[in-house]
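Here is the structure we will look at.
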């Protein structure tokens with residue numbers, strides 16, 4: 001009879017005994033602890049989730065029917081209350097956008113379990129891809145169970161929550177949409193929780209280097225930090241743009257924000273870096289060394305630490321080429337107008353100004369005369385360039401059989417020779433003629449026509465006829481427009 005009370009006492013002690021959860025247990029919320037949520041979270045962290053075969057794709061690729069089947073499977077697997085599937089009429093991409101509060105709103109009795117289950121499935125899928133020298137298994141994937149002990153059913157707070165591991169960062173990164181969880185506990189140069197020494201492995205990941213830099217004073221501030229975090233239970237959604245094709249670290253005042261970064265796929269795409277690529281990442285505000293320190297030797301704050309975690313799944317800049325900028329018309333080693341026109345015709349950026357009508361026949365059209373004149377003036381550093389002046393320079397080439405205007409067609413021209421033929425045929429004569437006329441007509445740069453000056457005998461003009469004077473004037477203006485640097 002004496003053994004029965006002893007045995008019952010031992011059993012009672014086994015049931016009532018609970019291991020210490022954290023050094024900050026005294027700062028928990030006054031709300032009673034819901035013990036039934038803890039075993040579920042721990043069980044999902046420790047055990048593998050065996051989904052049906054048709055649900056073993058990444059959740060981002062789930063269809064609406066797959067989401068409904070997943071809800072039905074979870075309801076049976078975990079003995080949950082009936083889940084209204086019409087509250088989750090969405091595909092896998094949309095499902096990943098939901099916060100824990102969204103899950104609770106759609107399913108008040110089972111939303112928290114569904115959310116944790118989804119996170120564990122994502123982590124389990126990604127863990128098969130991340131075991132590499134750059135992703136140590138002990139540091140990158142698994143988290144100690146005691147770190148994940150939930151205090152109550154209504155608040156999404158942890159006793160000592162470590163920053164998001166690379167696995168958690170990666171599974172929120174589909175090809176064109178980027179979800180980034182902010183840690184619940186802000187880690188700045190003034191507030192840092194104490195790291196778990198058991199989590200420091202011989203193999204070091206970028207996150208390990210940060211935790212080793214914490215001072216004893218900073219470790220002692222963990223209880224106060226947890227008390228502050230009890231008031232941060234909402235996680236609003238916000239859209240964060242990408243500036244200059246770099247993933248910008250958020251400010252320390254936005255640690256409770258769940259950020260969704262939308263990025264066009266042709267410019268930026270996610271890439272799991274290996275050691276070869278890890279040294280080529282350029283963050284906008286600071287560049288960090290491998291041990292998690294900035295150039296001044298000070299430990300970096302939360303946003304920079306999250307950047308280091310994001311090295312495991314970084315958005316690599318794929319900057320569009322500079323040619324997509326607005327063309328300014330400057331072309332190197334191009335002095336003459338006919339050559340400049342050829343260069344513009346060969347560049348698709350200038351099709352709004354000038355383009356080929358028939359490339360085989362060398363027929364081209366000036367689409368925007370005034371715009372083309374501005375390009376030519378910019379190339380020659382002439383702000384007062386107009387199409388009237390440029391057209392006189394074009395007419396100069398009529399006489400040399402280089403360019404001809406198409407009869408009866410406005411702004412339609414034809415090259416009579418290829419650039420090689422022009423350069424090899426009459427280049428010397430062209431240079432000599434342009435140089436000679438330039439010397440005689442320098443002072444008449446902006447005159448539309450050339451008239452005989454008072455007191456200047458007609459015989460001293462370049463040619464002896466009035467028509468010759470006009471031709472020489474046109475030639476002089478054309479040459480002046482081209483040769484003035």
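Here the Cβ of each residue, glycine as well, is placed from N, Cα and C on the backbone.
Residue with Swiss-Prot feature phosphothreonine, selected from 31, 165: 165.
Of 132, 240, 265, 452, the one with phosphoserine in Swiss-Prot is 240, while the others lack that note in the record, though it may still apply to them. Between the listed residues 205, 319, Swiss-Prot assigns phosphoserine to 319, with no corresponding entry for the rest in that record. A sphere of 10 angstroms centred on the C-beta of residue 417 (SUMO2 cross-link) encloses 18 other C-beta atoms.
Within 10 Å of the C-beta of residue 399 (SUMO2 cross-link) we count 11 further C-beta atoms, all protein chains included.
When secondary structure is read from DSSP and collapsed to three states, residue 399 (SUMO2 cross-link) falls in the helix class. Residue 399 (SUMO2 cross-link) sits 13 Å from residue 417 (SUMO2 cross-link), counting Cα to Cα. On the 0 to 100 pLDDT scale, the domain 'PNT' (41-125) averages 86 in this prediction.
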